[in-house]
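Report on the structure given below.
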Amino acid sequence: MKLLEERIKRDGEVLDGNVLKINSFLNHQVDPKLMMEVGKEFKRLFAGEQIDKVLTCEASGIAPGVMTAYQLGVPMVFARKKKPSTLNDAVYWADVFSYTKKVNSKICVEEKFLHEGENILIIDDFVAHGEAVKGMVNIAKQAHCNIVGVGAVVAKTFQGGSDWVKDEGLRFESLASIASFKDGQVHFEGEE
(Lines of atoms letter the chains of each structure in order from A and count residues from 1; the text may use other names and numbers.)
(Lines give C-alpha, C1' and ligand atoms only; values in the text may rest on other atoms or scores of the structure.)
Protein backbone atom coordinates (compact mmCIF):
# COMPACT_ATOMS: atom_id res chain seq x y z
CA MET A 1 0.00 0.00 0.00
CA LYS A 2 1.90 2.97 -1.35
CA LEU A 3 0.24 5.52 0.96
CA LEU A 4 1.33 3.53 4.02
CA GLU A 5 4.86 2.95 2.74
CA GLU A 6 5.27 6.68 2.07
CA ARG A 7 4.04 7.48 5.58
CA ILE A 8 6.46 4.99 7.11
CA LYS A 9 9.37 6.48 5.16
CA ARG A 10 8.36 10.01 6.16
CA ASP A 11 7.41 9.52 9.81
CA GLY A 12 8.89 6.18 10.88
CA GLU A 13 12.03 5.92 12.94
CA VAL A 14 14.32 2.90 12.84
CA LEU A 15 15.62 2.07 16.32
CA ASP A 16 18.29 -0.36 17.49
CA GLY A 17 17.31 -4.01 17.43
CA ASN A 18 15.34 -3.86 14.16
CA VAL A 19 12.51 -1.90 15.77
CA LEU A 20 10.41 0.49 13.70
CA LYS A 21 8.76 3.29 15.66
CA ILE A 22 5.58 4.56 14.01
CA ASN A 23 4.03 6.19 17.05
CA SER A 24 2.86 9.26 15.15
CA PHE A 25 0.16 7.40 13.20
CA LEU A 26 -0.40 3.89 14.60
CA ASN A 27 1.28 2.83 17.83
CA HIS A 28 0.52 5.83 20.07
CA GLN A 29 -1.23 8.54 18.11
CA VAL A 30 -3.62 7.23 15.44
CA ASP A 31 -4.30 8.76 12.04
CA PRO A 32 -7.95 7.78 11.49
CA LYS A 33 -7.93 8.67 7.78
CA LEU A 34 -4.94 6.43 7.19
CA MET A 35 -6.51 3.65 9.28
CA MET A 36 -9.71 3.95 7.21
CA GLU A 37 -7.59 3.42 4.08
CA VAL A 38 -5.99 0.42 5.79
CA GLY A 39 -9.46 -1.01 6.43
CA LYS A 40 -10.47 -0.44 2.81
CA GLU A 41 -7.33 -2.17 1.56
CA PHE A 42 -7.87 -5.23 3.75
CA LYS A 43 -11.47 -5.37 2.51
CA ARG A 44 -10.17 -5.31 -1.08
CA LEU A 45 -7.51 -7.94 -0.40
CA PHE A 46 -9.95 -10.33 1.28
CA ALA A 47 -12.84 -9.69 -1.13
CA GLY A 48 -14.65 -12.89 -1.95
CA GLU A 49 -13.91 -14.42 1.45
CA GLN A 50 -16.76 -15.03 3.88
CA ILE A 51 -15.73 -13.16 7.03
CA ASP A 52 -17.89 -13.17 10.15
CA LYS A 53 -15.58 -11.38 12.56
CA VAL A 54 -12.24 -9.62 12.84
CA LEU A 55 -9.90 -10.68 15.66
CA THR A 56 -7.05 -8.43 16.78
CA CYS A 57 -4.97 -7.74 19.88
CA GLU A 58 -4.97 -4.69 22.12
CA ALA A 59 -3.80 -1.99 21.97
CA SER A 60 -2.26 -1.09 18.61
CA GLY A 61 -4.27 -3.68 16.68
CA ILE A 62 -7.55 -2.03 17.62
CA ALA A 63 -7.44 0.90 15.16
CA PRO A 64 -6.72 -1.16 12.02
CA GLY A 65 -8.93 -3.96 13.32
CA VAL A 66 -11.98 -1.78 13.89
CA MET A 67 -11.56 0.04 10.56
CA THR A 68 -11.30 -3.29 8.74
CA ALA A 69 -14.36 -4.63 10.55
CA TYR A 70 -16.24 -1.43 9.73
CA GLN A 71 -15.41 -1.79 6.04
CA LEU A 72 -16.46 -5.45 6.09
CA GLY A 73 -19.63 -4.74 8.07
CA VAL A 74 -18.77 -7.28 10.78
CA PRO A 75 -17.95 -7.12 14.50
CA MET A 76 -14.40 -6.94 15.82
CA VAL A 77 -13.15 -8.57 18.99
CA PHE A 78 -9.78 -7.83 20.52
CA ALA A 79 -7.68 -10.08 22.69
CA ARG A 80 -6.96 -8.49 26.05
CA LYS A 81 -3.53 -8.55 27.62
CA LYS A 82 -4.92 -8.61 31.15
CA LYS A 83 -8.12 -10.19 32.40
CA PRO A 84 -10.32 -7.45 33.85
CA SER A 85 -12.45 -8.22 36.89
CA THR A 86 -15.58 -7.90 34.74
CA LEU A 87 -14.57 -10.87 32.57
CA ASN A 88 -16.05 -14.21 33.57
CA ASP A 89 -14.07 -17.44 33.75
CA ALA A 90 -15.16 -18.67 30.31
CA VAL A 91 -12.10 -17.33 28.52
CA TYR A 92 -9.73 -18.57 25.82
CA TRP A 93 -6.09 -17.96 26.83
CA ALA A 94 -2.83 -17.96 24.87
CA ASP A 95 0.77 -17.20 25.79
CA VAL A 96 2.60 -14.52 23.79
CA PHE A 97 6.07 -13.01 23.91
CA SER A 98 6.38 -9.28 23.25
CA TYR A 99 9.35 -8.59 21.00
CA THR A 100 9.46 -4.87 21.84
CA LYS A 101 8.80 -5.25 25.59
CA LYS A 102 10.81 -8.48 26.00
CA VAL A 103 8.24 -10.06 28.31
CA ASN A 104 6.01 -13.12 28.26
CA SER A 105 2.35 -12.47 28.82
CA LYS A 106 -1.06 -13.98 28.23
CA ILE A 107 -3.85 -12.75 26.00
CA CYS A 108 -7.48 -13.69 26.40
CA VAL A 109 -10.84 -13.49 24.65
CA GLU A 110 -14.13 -14.19 26.35
CA GLU A 111 -15.61 -17.40 24.92
CA LYS A 112 -18.98 -15.81 24.13
CA PHE A 113 -17.37 -13.62 21.46
CA LEU A 114 -15.92 -16.44 19.31
CA HIS A 115 -18.16 -19.24 18.09
CA GLU A 116 -17.44 -22.59 16.51
CA GLY A 117 -17.51 -22.38 12.72
CA GLU A 118 -17.15 -18.58 12.51
CA ASN A 119 -14.89 -17.30 9.77
CA ILE A 120 -12.26 -15.12 11.42
CA LEU A 121 -9.90 -12.60 9.84
CA ILE A 122 -6.94 -11.84 12.11
CA ILE A 123 -5.58 -8.29 11.84
CA ASP A 124 -2.37 -7.16 13.54
CA ASP A 125 -0.47 -3.88 13.52
CA PHE A 126 2.97 -5.50 13.17
CA VAL A 127 4.07 -8.99 12.31
CA ALA A 128 7.75 -9.46 13.09
CA HIS A 129 8.41 -12.76 14.85
CA GLY A 130 4.64 -13.35 14.82
CA GLU A 131 4.13 -13.91 18.54
CA ALA A 132 0.84 -12.00 18.82
CA VAL A 133 -0.47 -13.69 15.67
CA LYS A 134 0.50 -17.10 17.06
CA GLY A 135 -1.51 -16.30 20.18
CA MET A 136 -4.55 -15.17 18.19
CA VAL A 137 -4.35 -18.25 15.94
CA ASN A 138 -4.21 -20.39 19.08
CA ILE A 139 -7.31 -18.66 20.50
CA ALA A 140 -9.23 -18.99 17.21
CA LYS A 141 -8.37 -22.70 17.09
CA GLN A 142 -9.49 -23.20 20.71
CA ALA A 143 -12.85 -21.71 19.67
CA HIS A 144 -12.98 -24.00 16.60
CA CYS A 145 -13.19 -21.00 14.28
CA ASN A 146 -12.11 -21.02 10.64
CA ILE A 147 -9.20 -18.66 10.07
CA VAL A 148 -9.74 -16.94 6.71
CA GLY A 149 -6.34 -15.26 6.84
CA VAL A 150 -3.99 -12.92 8.62
CA GLY A 151 -3.58 -9.28 7.65
CA ALA A 152 -0.64 -7.22 8.90
CA VAL A 153 -0.47 -3.47 8.57
CA VAL A 154 3.33 -3.83 8.61
CA ALA A 155 5.36 -7.03 8.27
CA LYS A 156 9.07 -7.29 8.91
CA THR A 157 9.39 -10.30 6.62
CA PHE A 158 13.04 -10.88 7.55
CA GLN A 159 12.04 -11.85 11.11
CA GLY A 160 10.04 -14.98 10.28
CA GLY A 161 6.51 -14.27 11.52
CA SER A 162 4.99 -14.09 8.05
CA ASP A 163 6.72 -17.37 7.11
CA TRP A 164 5.22 -19.02 10.21
CA VAL A 165 1.71 -17.92 9.16
CA LYS A 166 2.21 -19.36 5.66
CA ASP A 167 3.74 -22.57 7.08
CA GLU A 168 0.53 -22.98 9.10
CA GLY A 169 -1.33 -23.03 5.77
CA LEU A 170 -2.90 -19.63 6.37
CA ARG A 171 -3.24 -16.81 3.89
CA PHE A 172 -1.03 -13.83 4.76
CA GLU A 173 -1.42 -10.28 3.47
CA SER A 174 0.74 -7.32 4.47
CA LEU A 175 0.12 -3.71 3.49
CA ALA A 176 3.79 -2.77 3.95
CA SER A 177 6.37 -5.56 3.77
CA ILE A 178 9.77 -4.54 5.07
CA ALA A 179 12.70 -6.48 3.63
CA SER A 180 15.38 -4.82 5.77
CA PHE A 181 16.63 -1.83 7.70
CA LYS A 182 19.92 -0.43 6.39
CA ASP A 183 21.68 2.69 7.61
CA GLY A 184 18.61 3.76 9.56
CA GLN A 185 16.39 3.48 6.48
CA VAL A 186 13.40 1.25 5.76
CA HIS A 187 13.67 -0.92 2.64
CA PHE A 188 10.45 -2.48 1.41
CA GLU A 189 10.16 -5.72 -0.54
CA GLY A 190 10.36 -5.10 -4.27
CA GLU A 191 12.51 -2.00 -3.97
CA GLU A 192 15.76 -1.82 -5.87
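Using N, Cα and C of the backbone, Cβ positions are placed for all residues, glycine too.
As written in Swiss-Prot, here are the features:
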BINDING   Leu20, Asn27, Lys156  xanthine binding site
BINDING   Ala128, His129, Gly130, Glu131, Ala132  5-phospho-alpha-D-ribose 1-diphosphate binding site
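Of all the binding-site residues listed here (Leu20, Ala128, Ala132), it is Leu20 whose C-beta has the fewest other C-beta atoms within 10 angstroms. Look at Gly130 (5-phospho-alpha-D-ribose 1-diphosphate binding site): DSSP puts it in coil. On the backbone, the CA of Asn27 (xanthine binding site) and the CA of Ala128 (5-phospho-alpha-D-ribose 1-diphosphate binding site) stand 15 Å apart. Counting in whole angstrom, Ala132 (5-phospho-alpha-D-ribose 1-diphosphate binding site) lies 17 from Leu20 (xanthine binding site) by their C-alpha atoms. Spatially, by CA atoms, the binding-site residues Ala128, His129, Gly130, Glu131 include one closest to Lys156 (xanthine binding site), and that is Ala128. Other than Leu20, Asn27, Lys156, the residues of this chain whose Cβ falls within 8 Å of the Cβ centroid of the xanthine site are, in sequence order, Gly12, Val19, Lys21, Ile22, Asp125, Phe126, Ala128, Val154, Ile178.
Taking Cβ-Cβ distances under 8 Å and a sequence gap of 6 or more within the same chain, the neighbours of Gly130 (5-phospho-alpha-D-ribose 1-diphosphate binding site) are Gly160, Gly161, Ser162, Trp164, Val165. According to DSSP, Asn27 (xanthine binding site) sits within a helical segment.
With respect to their backbone Cα atoms, His129 (5-phospho-alpha-D-ribose 1-diphosphate binding site) and Leu20 (xanthine binding site) stand 13 Å from each other.
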